[in-house]
Amino acid sequence: MLQTLYDYFWWERLWLPVNLTWADLEDRDGRVYAKASDLYITLPLALLFLIVRYFFELYVATPLATLLNIKEKTRLRAPPNPTLEHFYLTGGKQPKQAEVELLSRKSGLSGRQVERWFRRRRNQDRPSLLKKFREASWRFTFYLIAFVAGMAVIVDKPWFYDLKKVWEGYPIQSTVPSQYWYYMIELSFYWSLLFSIASDVKRKDFKEQVIHHVATIILISFSWFANYIRAGTLIMALHDSSDYLLESAKMFNYAGWKNTCNNIFIVFAVVFIITRLVILPFWILHCTVVYPLELYPAFFGYYFFNSMMGVLQLLHIFWAYLILRMAHKFITGKLVEDERSDPEETESSEGEEAVAGGGAKSRPLANGHPVLSNSHRKKD
């Protein structure tokens with residue numbers, strides 16, 4: 001049964017043009033071709049990335065945050081209350097008015113005390129400023145290195161300047177070590193992002209991020225074993241060209257460098273629009289949709305690859321809309337927040353008595369950093 005499924009999955013008519021077989025892509029005469037088995041190494045490499053990230057955030061990002069004077073303010077913790085905690089975990093983080101009244105009767109607290117408990121409890125779960133800075137620093141470092149390395153891999157190739165050469169001789173196109181490592185490292189990194197997404201800072205586009213990571217992993221994997229490597233390297237370098245700008249804008253945002261963050265964000269927005277809404281659809285997608293049909297009839301792999309590219313393009317349009325909306329706020333001078341993040345909730349000093357005891361008032365709450373007016377918006 002498993003062997004039958006395996007044979008159907010690797011049927012040449014699915015992944016290769018007509019009249020070609022996997023035997024045509026076996027190594028010979030010193031020429032090395034991409035193989036699906038090469039991708040096994042990406043899973044242990046992804047775990048290695050997670051380890052490297054841990055030490056990077058601890059010994060590089062954290063001292064850098066201290067150097068930039070990124071500090072956490074004290075957050076008042078919600079006092080232990082089993083009734084409210086159970087509702088928070090099972091019923092929702094923002095109870096409606098009727099639910100507040102019911103919880104008030106069950107817990108013996110006033111409605112205001114219940115609402116204050118939930119505000120504090122929500123703030124406890126929000127990621128710290130230091131955590132956000134660490135993540136942005138790690139991704140900035142990787143995307144910058146990946147972009148420079150990617151350009152070094154493809155800038156001397158003739159198909160970088162003439163996209164028709166992407167398909168010259170396809171799929172009998174051998175690979176070189178630089179292409180191999182570029183692919184394995186990029187794919188391993190996206191596996192690591194998928195593995196850590198549950199513990200990373202959750203934003204309002206969490207579902208879109210999951211879809212993006214999964215689509216990217218599928219695209220990179222397919223383009224490798226189906227030998228879409230030339231197109232794949234172009235697509236990966238194109239994506240990395242704006243990602244490091246976004247992460248650097250985040251870093252300066254968290255450091256409170258308002259003008260620097262705004263300027264970098266504008267540059268990022270311009271690069272993102274040009275690469276994702278102009279170059280990608282009108283050059284790269286045109287290259288993967290039109291040019292192959294001049295060489296061979298469409299097959300399943302052709303449709304599959306371009307369908308996944310379509311998913312990515314839709315995500316880029318979604319993110320571009322948010323980027324343009326934020327850029328408009330910059331231009332009009334309106335204060336903006338990171339539209340993917342939930343803002344920290346504040347409490348007035350009025351009624352700051354302890355929730356569980358109704359005792360003396362405490363000092364005014366300082367529960368986290370103020371949201372800066374120069375936030376930013378991501379894509380892929």
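Cβ atoms here come from the backbone N, Cα and C positions, even for glycine.
Computed from a predicted structure; not experimentally measured.
As annotated by TrEMBL, transmembrane segment applies to 45-68 (among others).
Annotation comment: TrEMBL describes 71-128 as domain 'Homeobox'.
Taken from TrEMBL, the feature DNA-binding region applies to 73-129. Counting residue by residue with DSSP, the DNA-binding region (73-129) contains 36 helix, 0 strand, 21 coil.
Marked as domain 'TLC' by TrEMBL: 131-332.
Residues or ranges marked as transmembrane segment in TrEMBL: 140-160 (among others). Within the same chain, residues 56, 60, 166, 168, 178-179, 182, 185-186, 189, 230, 233-234, 236-237, 240-241, 243-244, 247-248, 250-251 sit at least 6 positions outside the transmembrane segment (140-160) and bring their C-beta atoms closer than 8 Å to a C-beta of that stretch.
Under 8 Å from some Cβ of the transmembrane segment (264-284) lie the Cβ atoms of residues 163, 231, 234-235, 238-239, 241-242, 245-246, 248-249, 252, 309, 313, 316-317, 319-320, 323-324, 326-327, 330, 374, 376, 379, all in the same chain and six or more residues away from its ends. Residues or ranges marked as transmembrane segment by TrEMBL: 264-284 (among others).
Among the features that TrEMBL reports, transmembrane segment is placed at 304-324 (among others).
The region 'Disordered' annotation in TrEMBL covers 338-380.
Feature annotation from TrEMBL assigns compositional bias 'Acidic residues' to 339-353.
Averaged across the domain 'Homeobox' (71-128), pLDDT for the predicted model comes to 85.
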